[in-house]
Amino acid sequence: MTPDHLTCFLLLSVSDANCSQLCVGAGECTCHEGFKLKRDGVTCEDVNECQTGSHNCSSESVCVNTEGSFHCWFSCHPGFTLTDEITCKDIDECEFGIHNCEQNSVCINTAGSFHCQPKNSCGEGYTLDATGRCIDIDECVLGTHNCGANFVCINTPGSFHCNTVSCPRGYHLSADGTRCEDVDECQTSEMCGGHVCINLEGSFRCECRTGFMFNTISKLCEDINECTHYPGRLCAHKCENTEGSFRCSCSTGFTLTRDGRDCEDVDECENKPCSQECTNVYGSYQCYCHRGYQLSDNDGITCEDINECALPGVCSHNCINTPGGFNCTCPPGGYTLSPDGRTCQDVDECAAETHTCSASEICFNLQGGHRCFNFECPTNFRQSISDQQSSTGNASAVLRCVKSCRLLDLECSHNPTHIITFTVISLPTSQHLKEPEVIALLRTATAVKPANLPDQPDVIFEILDSDEQNSFDVIKDSQDGLIVGLICQVKPILGPKELMLSVVIKYVQLGDVYQQNIMNIHILV
């Protein structure tokens, strides 16, 4: 191993680098001939001599690149074939029958090609082409014809003939047949269809009337469609094309003005199209009705009466429809129509003293009527003085009886009941009762008993008599520091029905009842 190879080996060992081909010392790599070093300085890649032009192949050969070198492949020109790697030999097309000579010609081989030699000559008016075929001679093109100045040469197969002169469109042959003269189309026929015709050299043109335009292709005067030619500039609304002109028209609700183009609004209300009231609007009109009427959905102009009675809640009792309105009526007795004209208001016969109760009876007002009740105080009780002063026509229907014992009647005196009250309450039918409902309030003059003073007076509420299903209860409560009793309905009641409810109010002190009052309630459901 040489010193340079040893140095390169040591450097490669230290740097872990490997040259793909040759190491020239000091860690530098190089390549064999036909290769070049890549940018990484280590790897060698092939040089394509055919692309770089560094080969030495002749023009009669093809360069083929190989790994690290190249090779020259010889190729021949058309009409030759390669016999070995460097020799080209002529192909005899005549011998191999690959020529295209016709039957009336002979194939003659040449270097790299061939030609066809005719066996016989062609007839008059024909000549041989390159392949030996007889083709027609165009005497008119070659100028070998003998047609005169006023004739036209027409070629035919093998010959030609002379035609007289043909004039272009817009011209005709002169009388002597020697020249073409202009045709005056305006004299020969009605070319412009009623428009002015102007003759031109070899042609003509039309002077069209207003509303028409001359078509240079068809040579006719064609109508101008002003509506499409000037869109939106001629008519305010609608434009209709006519022959040579146009006509304007208006949309519904408008009429054409004197200028024939603009449109103005028509006041349809002048013709009274509506059954009641009419308001003109731009381009149309609107019908509307008086109170109590509505426009018909069928025609939009007829006013139909509104049946207010068909609407829910118009009248509290009976509704009578009238043209443009309605009237509410109430039952014949016990009610009167309120100021709003819809609601039936109960007549309080007891307050108005129009009842039929006697002097000994108590009047109780009902919805649409009244009831007369004959309450009497039991033995040892008398009617209170305030009740006596207004016993007839009492709207509250209350009879208060106060204990009145005879002299030395100890049993009466020891009876704790001091007051017996008779009253009447009217309740509506209730099919569903979600929670107890207060129907009456029992007031007392007894203060709420403090919890730390057990010897203070107290009040106890009890029901003495009620209906079979126990529809009522008494709840003890307080108001303004005083004990009260709340009579509540706790179950639904279906009417009509009359019930009696008796409630006792007991005043107790140190466990003894020292006084009690009884409330008798006549309930009308």
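Glycine residues also receive a Cβ, built from the backbone N, Cα and C atoms like all the rest.
According to TrEMBL, the feature disulfide bond maps to Cys309-Cys319. Its Cβ placed at the centre, Cys309 (disulfide bond) has 15 other Cβ atoms within 10 Å.
Residues of the same chain lying 6 or more positions beyond the ends of the domain 'EGF-like' (182-222) and with a Cβ under 8 Å from any Cβ of it are 168-172, 243-245. The feature domain 'EGF-like' is assigned by TrEMBL to 182-222 (among others).
Remote same-chain partners of the domain 'EGF-like' (223-264), defined as residues 6 or more beyond its termini with a Cβ less than 8 Å from a stretch Cβ, comprise 209-213, 282-285. The annotation domain 'EGF-like' is assigned in TrEMBL to 223-264 (among others).
Summarising the annotation, TrEMBL assigns domain 'EGF-like' to 265-304 (among others). Note on the domain 'EGF-like' (265-304): mean pLDDT across this stretch is 93.
Nonlocal intrachain contacts for the domain 'EGF-like' (305-345), taken as residues 6+ away from its ends with a CB within less than 8 angstroms of a stretch CB, comprise 290-294, 366-370. Per TrEMBL, the feature domain 'EGF-like' maps to 305-345 (among others).
Summarising the annotation, TrEMBL assigns signal peptide to 1-19.
Residues of the same chain lying 6 or more positions beyond the ends of the domain 'EGF-like' (265-304) and with a Cβ under 8 Å from any Cβ of it are 251-255, 323-326. Look at the domain 'EGF-like' (182-222): DSSP puts its residues at 4 helix, 18 strand, 19 coil. On its own chain, Cys319 (disulfide bond) has Glu308, Cys309, Phe326, Asn327, Cys328, Thr329 as residues at least 6 apart in sequence with a Cβ closer than 8 Å to its own Cβ.
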